[in-house]
């Protein structure tokens, strides 16, 4: 029998009695690894979304971030961030160049506070080898592994040594994996299954369309939420500005796109133009205000209240 699964657009949250006088009383901070952050959402570690400058901005604002892994000097970035009194959070792959990158970090006496193993399907033998290698050589680094889409995969990544996992395959706006391969799982079902399977934090990665989807992901049990298109198109975002018929746009492309790879090989991503939106400051304020409202509707004062909210399916 074919299973029916759910995405964020298929569900809503049932309001509870509000116990605060003002939404501003609601605390949106989250403990993630060794640090506490202002919000449980952060930009995708994509070359068209974050740059080193974007990451520094988020760190200074008290938000989590992860730098992408494409043509990055991890040694220079880690050293710079730590010299600034900020935390370093980098991404790595599973191929030979990553082992060389890790050797360079170790030779420099550097250990990033956070590291994300970032590949399309982390439920594989190469990821297992890399996770065990990282935990052996960087035991004090908080290691995030991704991406996965099933309970069994999540359990394996925890067993291999990950401190958190990233859940979601082919849910992003510029990801065409589901079109090219037929493989994908809706995010509500993915996150709930992965959360139930492990004892470590789960990051819901992909499928965020509206601000309210962040609250839905947290209700599903996610500790953190990663979003790409939500953070694209701003001054502080990566990507080039393009002018068409007097309007300004920024390029936004997937990590598996031809534009990121530099060649049309195993392409599972595309490039789109998103409207240029100016400064990101307004977005960060709105995201926090909207999540404070979500917490108030959940009948609490902290993000923990969202774990007790009823989720209902809507038929369209």
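From the backbone N, Cα and C atoms, a Cβ is placed for every residue, glycine too.
A quick note: this is a predicted structure, and the numbers were derived from the prediction, not measured.
In the three-state DSSP assignment, the secondary structure recorded for residue 175 (active site, thioimidate intermediate) is strand. The feature active site, thioimidate intermediate is assigned by Swiss-Prot to 175, with sequence analysis given as support.
Counting only same-chain residues at least 6 apart in sequence, those with a Cβ under 8 Å from the Cβ of residue 205 (NADP(+) binding site) are 44, 146, 147, 166, 167, 168, 171, 172, 225, 226. Summarising the annotation, Swiss-Prot assigns NADP(+) binding site to 202-225.
In this structure the C-alpha atoms belonging to residue 202 (NADP(+) binding site) and residue 175 (active site, thioimidate intermediate) are separated by 21 Å. Rounded to a whole number, the C-alpha distance linking residue 211 (NADP(+) binding site) with residue 175 (active site, thioimidate intermediate) is 20 angstrom. Secondary structure at residue 220 (NADP(+) binding site), as computed by DSSP, is coil. Within the same chain, residues at least six positions away from residue 220 (NADP(+) binding site) with a Cβ under 8 Å of its Cβ are 187, 188, 191, 192, 195, 204, 311.
Cα of residue 214 (NADP(+) binding site) to Cα of residue 175 (active site, thioimidate intermediate): a distance of 19 Å. Residues near residue 223 (NADP(+) binding site) in space but far in sequence (CB under 8 A, at least 6 apart, same chain), listed by position: 30, 32, 40, 164, 201, 202, 203. Distance from the CA of residue 175 (active site, thioimidate intermediate) to the CA of residue 208 (NADP(+) binding site) is 13 Å.
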